[in-house]
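Here's what Swiss-Prot has on this protein:
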type	residues	note
DOMAIN	1-159	domain 'Obg'
DOMAIN	160-327	domain 'OBG-type G'
BINDING	166-173, 191-195, 212-215, 279-282, 308-310	GTP binding site
BINDING	SER173, THR193	Mg(2+) binding site
Amino acid sequence: MNFIDEVKICIKGGNGGNGCVSFHREKFIDRGGPDGGDGGRGGSVIFRSNHHLNTLVNYRYKQHFTAENGENGKGSNRSGKSGKSLALDVPIGTQIFSEDGNILLHDFTEDDQSFEIIKGGSGGLGNSHFKTSVNQAPRKRTEGEIAEEMWIHLSLKLLSDVGLVGLPNAGKSTFLSVVTAAKPKIADYPFTTLVPNLGVVYVDDEEFVIADIPGLIEGAHQGHGLGDKFLKHIERCNVLIHLIDGSSNDVMADYNTVRLELESYSDYLKNKIEIICLNKCDVLTDEEIQEKINELQKATNKEVFPISTYTNLGVNKIVKLALKTIKNQE
C-alpha cells in the first residue's frame, strides 16, 4: 500500500431541503389551510480517527466529498428527511489544516475521536409557518440553507514513543527488525527505507511504539534527500535513538550532520532526549570502539552505547533504557 501523508481535499455539507407550499385538501372541504412541511436538514461532514488506518491513501485519487442533502418538505405538514452525514475516517495522528496550511483545525491524537468540521444546511420552512390572520392561504416558503464548502489540508504525523534517526545505512531498519516484528526492507545501500516504518517493542509486560524514518543527509531540512519529508513523523515521540555507523571514518561528522538537521527542522526535535548508539561494533576492535565512544562522549557530554544489530550486542539494554525514559516523562 502506498504511504501517503499529505493530501488536499474539498468537503461540502449537505444542503437543507426546501420548504413546501401545500394546502389541506379533503372531501367536502373547499379551502383547507396551509400544510406545507419543512425541508430536512442537510448532512454534516465528520472526521473520525481509526486505528486500523496508517495512511491517507484513501484521499489520494478522490478529492471531493459531499454529505447528503436534506429532502424537500411535503404536504400534510410532513417534513423532509434529513440528509445522512458523511463520516470520513483518517489515521490517528492526522491533523486538519486550512487550505493554506496555516490554521490547525483539529489534531487526532487518540482512536475513535470525532470532529464535525461542517454542519449541514438548515431546512427551509413550509408555508404553514406563514399563515396569519390576514393571510389564511400563504404561498410563501423558504429554501433550504446552502451548506458550507471548503478545501482543507490533511497532514499525517505518525504517533510513536521512540524515533530512530541516523544517516543512511546507519542500521536503523535492521535495529527495528531486531527489536520488533516489523519487516522493513533492508539492504546495504543508502535510502533502503523510503517511507516511515512503525514497530511495537515488547519489554516484559510493557510495550512502546518505535518509528524508523528514511536516513537523513546534509541539507535534509531544506529538502535534500528524503528525510525532511518525514521528520514530522518523529516530532511527537518522547525520545530519539540516534544510531551512528561505527564503521564510518568520521563518526563525529556523522553525528553532527544528523544533529544539525534535527535542530534546523524544529525546536521540538532539537530538545528531545537522545540516546546515542555506536552501531556495527561487531566489525570493530575493542580499541576502535573505545576510541570512537570517547570521541563522541567528549564532544556531546552524553553517554554513548556500543551496540551491534548483527550480534545483538547491547540492543536489549537500549530497549530497556528507552522504555525507562518514556515512563519517566509520563
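Residue numbers in this text run from 1 along the chain shown.
Glycine residues also receive a Cβ, built from the backbone N, Cα and C atoms like all the rest.
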Please report the three-state DSSP label of PRO214 (GTP binding site).
coil
About how far apart, in whole Å, are the alpha carbons (Cα) of SER173 (Mg(2+) binding site) and PRO214 (GTP binding site)?
9
Within 10 angstroms of the C-beta of LYS172 (GTP binding site), what count of other C-beta atoms is obtained when all protein chains are considered?
30
How many other Cβ atoms sit within 10 Å of the Cβ of SER173 (Mg(2+) binding site)?
23
Across all the protein chains here, work out how many other Cβ atoms are within 10 Å of the Cβ of GLY166 (GTP binding site).
25
Determine, from DSSP, whether LYS172 (GTP binding site) sits in helix, strand or coil.
helix
